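Heads up: the structure comes next, in structure tokens.
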Number of protein chains: 2
Amino acid sequence: MGDVLARLRFVGDLSDGNWTRMAPAARLLRTHVLGRPYVIPERDFLPGQEFDIRFEIHAPKNGSEAYNNGVPDEKFTATIAKDGHKEQSIAEFFKQSEPALEKWTFSWFEDLFAQDAKTPSVVNVASKAYRRVALYEPGDYTVTLNYYNGKKTTAKWTVRPLATKKKAKNVIFFIGDGMTTNMITAARLLAHKTVNGRYQTLLSLDEFPVLGHQMTHSIDSYITDSANSASALYTGHKSSVNALGVYADSSADPLDDPKVETIVELLVRIWGSAWGAVSTAFMADATPTALTAHSRLRSRYAAVVDQVLNGVSNYTWTNHGGPDAYFGGGAEQFIAGSGSPGGKDFYAEFAKKGYSVSWNKTALQAAPNDKKALGIFCKSNLPVWLDRNIFPDNIKTLKNDPSGADSAALDLPGFKDMTLKAVDILHKRGDKKGFFLMAEAASIDKQMHALDYDRALGDLLEMDDTIRATIEKLKALNILDETLIVVSADHGHGFDVFGSSDTKYAAAQHDDRGKRNAIGVYQNSGLSQYTQPKEGVSYGTGANFPLNWDPRYVIAAGLGANPDHRETFGVGKKPRTPASVGANGEVYVNPTDRPEGFVVNGTLPTNEAQGVHSLTDVPVYARGPCQETFGGTYNNIDVFYKIANCLGLGQPKNVTSGAGGGCVSKPKPNKPRA
Amino acid sequence: MGDVLARLRFVGDLSDGNWTRMAPAARLLRTHVLGRPYVIPERDFLPGQEFDIRFEIHAPKNGSEAYNNGVPDEKFTATIAKDGHKEQSIAEFFKQSEPALEKWTFSWFEDLFAQDAKTPSVVNVASKAYRRVALYEPGDYTVTLNYYNGKKTTAKWTVRPLATKKKAKNVIFFIGDGMTTNMITAARLLAHKTVNGRYQTLLSLDEFPVLGHQMTHSIDSYITDSANSASALYTGHKSSVNALGVYADSSADPLDDPKVETIVELLVRIWGSAWGAVSTAFMADATPTALTAHSRLRSRYAAVVDQVLNGVSNYTWTNHGGPDAYFGGGAEQFIAGSGSPGGKDFYAEFAKKGYSVSWNKTALQAAPNDKKALGIFCKSNLPVWLDRNIFPDNIKTLKNDPSGADSAALDLPGFKDMTLKAVDILHKRGDKKGFFLMAEAASIDKQMHALDYDRALGDLLEMDDTIRATIEKLKALNILDETLIVVSADHGHGFDVFGSSDTKYAAAQHDDRGKRNAIGVYQNSGLSQYTQPKEGVSYGTGANFPLNWDPRYVIAAGLGANPDHRETFGVGKKPRTPASVGANGEVYVNPTDRPEGFVVNGTLPTNEAQGVHSLTDVPVYARGPCQETFGGTYNNIDVFYKIANCLGLGQPKNVTSGAGGGCVSKPKPNKPRA
């Protein structure tokens, strides 16, 4: 019975665009005893962190786990007890009235054979949700679910130690989406020169004093996505693939799942600090929205963008007040129409709440630092650094103007422009209350999905250059010493460099095997040619980028997992689509992508057109107050607790309006930042 | 001109067995100005570390760099000056007489076109070598080579700060050969169970307090091998692929290259400490022999094993006294015959010098702790943990008895047995002088080459289990607090896990594309099934290994670089040979390896039958005295300087016989350990 549960797929209305859906059921059914209560058996909380609790009783009607004729126990009860204290009903303990019983049905496939045979298993559910509670006293708690006349499931919840003292005034959290140590190594090779095996210059990351590794797996899968890993980093709670700020439940509504309070919600509630998000992705994407979103489905873009501005509206919940700076792509959720919340002009909604709205770099730089600021610079993701700086023809033909006009967005800020402007605004607006900024280099991930290593590494170098410039900026503002900078990733891709390829020799060969022989491994890899000046080539991109993106000898690299595609290893003058999808959904080599390359048959399911995420732990770099707590190996949720402890967010009583206790920096009451 | 130099291949007598050879010339020619002096332009030294200097003047007779009709300047001169001090000739500065001029010729291919056309470039060389010198004063030095009537090349040499104080009595250096963060993550997944995304137990490595990353590239290539990376770790000097304890020169003799003193040579000379090496490889392999070997070619197995026992014999050089413990495989270099030094019975040579000699686990455990010990337990590499523990039938049919008998070595120690015994011996023999132990889990690398992920990860888990047991042992001996433990790797392989595969579903599909659809990615990866107990399966391998190596849902993993092969992802019941070599040297899918799998066409040159090394920085874990110096990102040579500084090996004057200066632990004079 146990084994098949790893492979469940959900059938229902949860279809999620590009993502192959699997049931929340998979996790539910895997963490239970017979009778299927949905109690998360282990979780940690920050003292005072607000959250919802949902219990579910499952009764499968058919399939290998059919039980009780498909009738779930509606009379279940639940209790909680701090260790050494008496057991109380959930309602009594949290001083709430008993919530109404909810009932629904969902179905799933037990395995791929069941899916091929179209024979889903159907599960009836009885459930109750207790909303917006918190645990204040550190220690261990036992939650017990009683059901089916005497069956019991217990869960251990741990409330971590109090952390009332604010040790860092500001936190800047850089996330290289999908970034691994392997990619950082490759980016260094491309942009920095060695003499006798010694780098003459280094990445900004190389100069961070403290290094750690974090484990990225989710509750339901050892391979995570950016939604649930971002939520783990921002809330201290792991969840399921595609879920943002909630523990995914099995109900049909993706906006009723049990929520957990995020770092920016806590920070605004307790200290009244300013906060912002910058991303090179569309701004409805998972990594920025996980700061404020509470939905099982990251793909509900309009809903999560509404939560960016207005917070949770269907339940009483912490008001994060809206970001002080929010910069990136994704005009689709802001232009009035089918993509925007309620079909509204969402630029106007932000403006109504006092935001400056910028559509280009010129406007961004002119935006006042004392006002909240929205900057949406294009539709979809921001064009990558390589196209903006080396192959600008690729951006001239786009129809991505953020106004909705049928033209190309050309006056584009880079990641550095957006990040530095956000720091200026947050520093001004946060003032003595400090700030939190999340800045995401999103296309490291997006271009690794496309097997476009050069575009991914270009954006990694852009992030590194931005980190360097941010440190300089903080120095100039005289706040470097009071600012914790953390740089990490949310998951990996199985990328590595394994040699070099002689593009001239490869082009002169006439078959796949001949072209592969242009690859040199070990000593025949030679040295990086990207750092050699080339006559007539000058990009003006500064010291920390390659001098030549298109040398004869290029890095030969690959992923452990890929769709069918062709490979040349040289820089793609155009953005890459390695595989194309046939009429039947089957994916094959894209005949127009690198037609001069050799064929690499895929190692992925034949309906995957891109590379996928990987298992690897990802690095964590830290400098500033509390840096010493980031060494060694830990879980992604621990990144949240480390940052939250440094910000003094673990409070012994309910704190609202910036009245946090125990603060050494004497915060002022939390007045809304107009 | 610059570009082609990355792709040089040597033609000459340097053919090196399994390794495709490239010229030392490649590096020489890349680090030069016209006229090709061979001066390493940047290198670091520990104060008092002994080394040789070689100058080479190159004059190519033909090819794109032909110069001076192929006549090298024989009248070149060289000087050295500490910054701010006067320039002196090399001979004068080091108080040596002027060495004799040497002359030779080598040839190489400028690129793959030249190789296909069989048109080598020929280079005439004039050279001098200054032997066994040392720099004692920290600071920067300039070395100047004058040649061709007025041409000059300068090099910057840096002597690092003095480190006379011994802060750690003992050092244990674990090397997971080829081990990356990605593999550590995968090993944790296989052997440790999660509940709700939280590991219930952790790797021993996860509990190390300090984590760093080291860069592994060599002088001649950004992809290194285990010889030159081990030398970087043990000497603080990067070199070229295949070189051990020397800077590779271009002469024909692989035993005359300029040497640098290694950590065990320094440690014996300065403190008279005990030292040992343990490996699961054959004991003539690069990682153990790099502790004592000085040769451009790792493949000169007999010569490097002679240097293990007798040190350098063709030049005056530091006497390391022979290891106090030396345990692993590789009987080929010990059984009298073509593989052993001078054809001698090398077991007898060790015995003559007072060693106990063990051929099996029983003898090893009975060997006296107060006597030097050699343990050679089989021919070739030690059978891997998975075969010794889970599939023992695979070792019963081997003909690998260390005596040379035509039978299987069955009474085999594991990595843990060898390491713990080595600690006992070194602790006893080092006594107050302390010890240095290098312990290598070699088959992480060897099995990754074979794309046999399970065997590689099994050996990684064996190393982790050994580290745990070693810490317990050090506690029991009451020397944990005075012992620095460093765990790292020498290079990576581009491995990662990207999902799971349903082996049952895959087996029921009838073509390659169908079998690929058994792979689940993202949420369909599910959870690890290796930690689920399975009825009737019990290996007795303890808590830190998988409960089931052969579950229905297995990890789906891959390398960015591989030969043509078939893939099933499930555990191989037999060791793996993924590809076979045809009559013409062309490599194809091995028809007998995983015949039920799907074909993965390779991404490597078509003469590569295995996976290859990769670029990625590798992790460094540290605990004990000086642990705080191992955080952040640095070069592999820095690992040497960190350990050497902790051992107080940076000395201001020539120290012999254990008379190191400035020591707080009052070392006794270095009497040879009988």
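In case you wondered, yes, glycine gets a Cβ from its N, Cα and C as well.
TrEMBL lists A:Asp285, A:Thr287, A:Glu440 as binding Mg(2+), and of A:Asp177, A:Asp550, A:Asp564 the one it places in that same site is A:Asp177. For the Zn(2+) site, TrEMBL lists A:Asp445, A:His449, A:Asp490, A:His491; matching the candidates A:His320, A:His510, A:His565, A:His613 against that entry yields A:His613.
The Cβ centroid of A:Asp177, A:Asp285, A:Thr287, A:Glu440 marks the Mg(2+) site; residues of that chain outside this set whose Cβ lies within 8 Å of it are A:Ile175, A:Ser226, A:Ala230, A:Ser279, A:Thr280, A:Ala281, A:Ala286, A:Pro288, A:Ala442, A:Asp445, A:Asp490, given in sequence order. Proximity to chain B, defined as a C-beta distance under 8 Å, is registered for the following recorded positions out of A:Ser226, A:Asp285, A:His449, A:Asp490, A:His491, A:His613: A:His613.
Around A:Asp285 (Mg(2+) binding site), the same-chain residues at least 6 positions away in sequence with a Cβ under 8 Å from its Cβ are A:Ser226, A:Ser279, A:Arg298, A:Gly330, A:Asn381, A:Ala442.
Within 10 Å (C-alpha to C-alpha) of A:Thr287 (Mg(2+) binding site) lie the following binding-site residues from A:Asp445, A:Asp490, A:His613: A:Asp490.
Cα to Cα, A:His613 (Zn(2+) binding site) and A:Asp177 (Mg(2+) binding site) are separated by 10 Å. Neighbour list (A:Glu440 (Mg(2+) binding site), Cβ cut-off 8 Å, at least 6 residues apart, same chain): A:Phe174, A:Ile175, A:Gly176, A:Asp177, A:Ala277, A:Val278, A:Ser279, A:Thr280, A:Ala281, A:Thr287, A:Pro288.
A:His613 (Zn(2+) binding site) falls within neither a helix nor a strand when secondary structure is assigned with DSSP, and so counts as coil.
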